[in-house]
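Over in Swiss-Prot, the protein carries these features:
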BINDING   12, 103, 198  [4Fe-4S] cluster binding site
BINDING   43, 81, 131, 170, 226, 228, 271  (2E)-4-hydroxy-3-methylbut-2-enyl diphosphate binding site
BINDING   43, 81, 131, 226, 228, 271  dimethylallyl diphosphate binding site
BINDING   43, 81, 131, 226, 228, 271  isopentenyl diphosphate binding site
ACT_SITE  133  active site, proton donor
């Protein structure tokens, strides 16, 4: 089968940084145990399973407040998606050592919200309800930030403040964000616009928009919880006009999808491990619709191949608790 490997695809620097921080934490014997991650360090279950093998426990819950309530002692790692100041304070009050793996692009948005809310602005934040990144960003200034996900949310906004600003979750579809920002500019002509789609998200989406049209089908390799992976599927269908499926790994591929397909494109979300993507590409490369021996799907990538290798462990930056 013809396989079009869309570039760039896979890991972004924020994800790699977060994983390296967590791996160094696992190797740092001075950190109080147990070591917990507040939610998925990045939205990929293969990664969180690999960290469990490393002795780092991923805690789950509806929100970060609910998750940190589960922790009584040890060390907590804040995920790449960022956390609110309230969570940082609770960690300190509980006597926990904290490690911050927030993506630098998310920190930029937090700084913007902090600065503008102090100047008296109301901030409209375009993001996905229930996702940890908006939760952390809104928590920077809860009384000033208003989450919108759709045109209906914009219709129901009732803001009279002359100081208005719009920003967004870094992993949204850039076309959705542009559309919603246009609607906001119509409703509030004086609004200041700060588009914060991270570069990694942007270039991956643009690559799909430009290249997926050359194929009959696009396979996106990414976790179901990964917003940027799900957006790549959306971009393929809505912008490139190419049908698309998202799979967590090769075991989720369906042979029926490949019947009658001459050329398949492959990309991956920013938190998808490279070996997982390579395994999908290898399967598609050897696939022949008329040869049943090429239809056997088996995942062989083991957890020890998932995380970045650390040759020289480095001490992690610790945020110490209140004495």
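From the backbone N, Cα and C atoms, a Cβ is placed for every residue, glycine too.
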Three-state secondary structure, which DSSP defines for residue 226 ((2E)-4-hydroxy-3-methylbut-2-enyl diphosphate binding site): coil
C-alpha spacing of residue 12 ([4Fe-4S] cluster binding site) relative to residue 43 ((2E)-4-hydroxy-3-methylbut-2-enyl diphosphate binding site), in angstrom: 13
Nearest recorded site to residue 170 ((2E)-4-hydroxy-3-methylbut-2-enyl diphosphate binding site) by CA-CA distance, among recorded positions 103, 133, 198: 198
Environment of 43, 81, 131, 226, 228, 271, the listed dimethylallyl diphosphate site - residues of the same chain whose CB lies within 8 A of the CB centroid: 40, 42, 44, 80, 133, 171, 223, 225, 227, 229, 269, 270
Euclidean distance between Cα atoms of residue 131 ((2E)-4-hydroxy-3-methylbut-2-enyl diphosphate binding site) and residue 198 ([4Fe-4S] cluster binding site), Å: 16
Nearest recorded site to residue 271 ((2E)-4-hydroxy-3-methylbut-2-enyl diphosphate binding site) by CA-CA distance, among recorded positions 12, 103, 133: 12
Among the isopentenyl diphosphate-binding set 43, 81, 131, 226, 228, 271, as the record gives it, the longest Cα-Cα distance in Å: 15
8 Å Cβ shell about 12, 103, 198 centroid, [4Fe-4S] cluster site members excluded: 13, 14, 15, 80, 104, 105, 106, 170, 171, 199, 200, 201, 270
81, 131, 226, 228 screened against residue 103 ([4Fe-4S] cluster binding site), Cα within 10 Å - retained binding-site residues: 81
